[in-house]
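A.B. asks: Got a structure for you, written out below as structure tokens; questions coming shortly.
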Amino acid sequence: MYSSISDGLMVAAVLGYMLAMIGYAVEYAFGRQGVVARIAARKPRASRVLVTAGGDEVVETAADDTGDDDEPHRPIDAGRAAFIGRIALVVQTLAAAAHTACLVFRALAAHRVPWGNMYEYVLTACLIATVAWLVVAWRRPAVRHLGLFVSLVVAILLCVDAAKLYATAGPLVPALNSYWLVIHVSAMTVASGIFLVGFVTVALYLIQERREAWLAADRPLRFPLTLGDRLPASETLERLGFRIHALGFPIWTFGIMCGAIWAEHAWGRYWGWDPKETWSFIAWVVYAAYLHARATPSIRGRWSSWIAMLGWAVMLVNLFGVNLVVSGLHSYAGVG
Amino acid sequence: MSETGDRGRTDGDGPVLADDPSTDDTTDRATDGAAAGARPVLEEAGREDENALSSRPDAAAARRVAGNGVLATGRRWWRQLTSMRTALLLLFLLAVAAAPGSLLPQRNLNADKVDTYFTQHPTLAPAMDKAGLFDVYSSPWFAAIYLLLFVSLIGCLTPRIRVHLRALRRTPPDAPRALRRLRVHTEYASGSGAADAAEVARKALRGRRFRTVTRRHDDGTVTVSAEKGFLRETGNLLFHFSLVALLVGVAVGAGYGWHGGRLLMAGKDNAFCNNLQQYDEYSLGSRVSGGDLPPFCVTLDRFHAKFQDNGQPLAYSADVTYSPDGGSGGKRYKLEVNHPLRVDGASVYLVGNGYSPVFRYTDRYGQTQTVVSPFIPSDSNFTSDGVAIFPDANIDPKTGKRNVDLQMAFQGVFFPTVSKQGGHGSTFPGLRDPAVLLFAYRGNTGTDAGVPHSVYSLDQSQIQNKQLRQIGKNPKLLRPSTKCTAQSCWKLDDGTTVQFVGVQRWATIQVRHDPGERIVLVAGVALLLGLMGSLTIRRRRIWFRFTPDGSGSTVSAGGLARTEYAGFRAEFDRIVDAAGGPARPPDSGTPRGKD
Ligand code: HEM
């Protein structure tokens, strides 16, 4: 009963995310261009300096900004696009509420925290990513249209989750029956959700950075660089990406440490190079490399961001590759 | 001046803005000229600062000092090794090197899988073995990577301790001449005289736990310099050295730790005592000998398993009696997954369980023998494989002579719940309808030869060389009973019988002692604290300059965040506010965006 309510809410949440995605796409395509991006388009070098100078984050208006829309004719005007974007944000928020309820019912059905198998794990990580994003989007309307990317990634992950990883709600196997499940897995999930948002930010940075370079060189832009028209300046994205990762990394570290303590209780050793442990360690090392790279001026920026992208790739290997292909002590995925 | 020139642009238009030092150096490893960008401003902020930012002398200068020769080459290599780029490279190598261990079978995880791999890839496997690919995490090349990484870490961080200690003792430098060139700055007029206004500002800064210095200059101006956020570097150093401590903890565990595994049959007569002879497998740290094991004993009284209807296990628990220090008298404990028994500095874990069918064989002379054989589960419904061997079967009681050709062996598959069609797999992990499918063998079982091989399967070589022959073609399915019935007994061709008497439980326990664990835990906590400090604390400076102006003074204030700090301006504004300045600065560089 609870379990089927949960399944229904899951579908509702996915549909909501898709709807929000469409709304964001409209805003993205027809909305008012981000002020910074417009300046970047006009005078890439100058804007760079100004934004560096700003140091404050997403929107740094410049003194010469007149604020009027000098774009050519569009089928939907900017005001209406913004309105649609606001609706998309509301829809996404509602979907997140359904998503939350879905997990609550899952928990009620199974009488435990809703992250005992891989289906639930992905479900929770996606909710955290969405909530993290919603916090940003409500506070900074200027970046709202970027919700397109977040809802896109989340919708895809959830569809894969429902199609490939679904497991019926039930109690836990003995090894998972511990309060460490709550601590360890929630830390891992929260960190994964944060890294997901970090990945999206860094990916956008890489697009924007390339676009700015091409603009400066007067090279014609093609997709995906044209996406950058509506993105904040690359410096801003880069800094945001760093802050997100700097938030996720200690949580990931904490999660691994809790995992080690739990492993000591359950398996009799705190570390044993089980595949999941190994890949968590690799992800940790790669993100540590990112933090180091970013502290090295000569490779900060493009290179360090590629390392963050690599970190996310490792996270995906850990989530899908290790759970579905390699077998180890962590084989609780409940699939196959 | 700058080491790499990466950020060291000092050309005309707005160098201060372009090279804003508020861009951070996250983990603060001042290499590769990480600090170069900050110099144009900081030069004014106080000369001695250069050292605070860069842990080592200028590269060009160093080259001059080093000169040529062996020492110089050594220094160059050392410098290379302790550079950030090398650290990055080693981090990557470590990540890459860790990967094959999760893709190839590893001895420490599953030695059987390694053997399987050898049979599947007979030519490739030995070469891979030489390269340590089946023991990645204890291979020399893996060790080389992390040891180099740690050498690099220590080499890079040690000088920074000195630098940091010096920075901790130093007072904040005097205000730079042109405070207005700082990105975060403001100017205003104060009604009170320079000295009084400065005192108010100093108090405001002290109240926010800045270190402050007030300086009076000959021309009557008073400056207040303040600095905060030293814990960032403290955290950074703590983090990195915790990593070293963690490695030490791991090494201590490897040297002084030991562990062993043992399959324990339920029942009083099956007590296990902690010494090497009683382990099925064990591993001792390099600095431990068998005599160092504490002499406690453990008996498995009962084993409980609870399953859901779909077969998923709900709970396993083992009632054990144990006697610390090998003494008599038992204490009871309920051993569970996630609930180890700690005794005499060692921990006892419940790691596995299964069934042991009990067989009774009645031989040609009417002698009966009973064997309890642990069977090893092969699926989640506990379909289990094992053997029951009777090496002493068919000994003529008159002569007492053993006849190896008449030894008996049974190979079987046990089903806690046999499927309705019989055979082929258990349908439930609990004992709903237990049965065993037996294959009978007669002949030399090979157990006398002293060649060790698995106790859970028959010696295949004996079967191949026809010394051990199967009796009949077909196996027989038996159900347990204490009475010999058609269901539970199998009469063999020579008139002897084998009876499936019942089922017992076994559990595998793992005993482990790791003295490094505590070090690792403490290091881990310190690591996390350090990490949070180094990622969240920002080092920043704020200066006020009060110039007497009539009865009041004009005030110029500026701030500099050494590390990325989006909220710096807001903090600065609050401080200026508290120091008696404008609530909303009339001009503070670039105006803020909306929201
Ligand atoms: C050294 C220790 C450990 C490390 C580094 C570690 C690492 C991780 C990571 C990275 C995840 C999240 C990613 C994913 O699921 O793909 C995860 C999830 C999980 N871990 Fe651990 N873990 C450790 C110990 C443990 C222990 C001792 C247990 C339980 C007995 C455990 C149970 C779980 C569970 C249930 C999940 C949820 C994901 C799933 O169902 O696949 N972990 N762990």
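Using N, Cα and C of the backbone, Cβ positions are placed for all residues, glycine too.
So TrEMBL says this about it:
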| type | residues | note |
| --- | --- | --- |
| COMPBIAS | B:1-12 | compositional bias 'Basic and acidic residues' |
| COMPBIAS | B:41-50 | compositional bias 'Basic and acidic residues' |
| DOMAIN | B:84-573 | domain 'ResB-like' |
| REGION | B:1-59 | region 'Disordered' |
| REGION | B:576-595 | region 'Disordered' |
| TRANSMEM | B:86-104 | transmembrane segment |
| TRANSMEM | B:141-161 | transmembrane segment |
| TRANSMEM | B:237-258 | transmembrane segment |
| TRANSMEM | B:519-537 | transmembrane segment |
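Looking at the shown structure, what environment does each listed feature sit in?
C.D. replies: A mean pLDDT of 88 is what the model gives for the domain 'ResB-like' (B:84-573).
Under 8 Å from some Cβ of the transmembrane segment (B:86-104) lie the Cβ atoms of residues 29, 80, 117, 128, 133-134, 136-137, 141-142, 145-146, 148-149, 152-153, 156, all in the same chain and six or more residues away from its ends.
Distant neighbours of the transmembrane segment (B:237-258): 27, 146, 150, 153-154, 157, 160-161, 164, 282-288, 292-293, 512-524, 526-527, 529-531, 533-534; these residues of the same chain sit at least 6 beyond its ends, with a Cβ under 8 Å from one of its Cβ atoms.
Using a Cβ-Cβ cut-off under 8 Å and counting only residues 6 or more beyond its ends in the same chain, the transmembrane segment (B:519-537) has close neighbours at 26-28, 229, 231-240, 242-243, 245-246, 248-250, 252-253.
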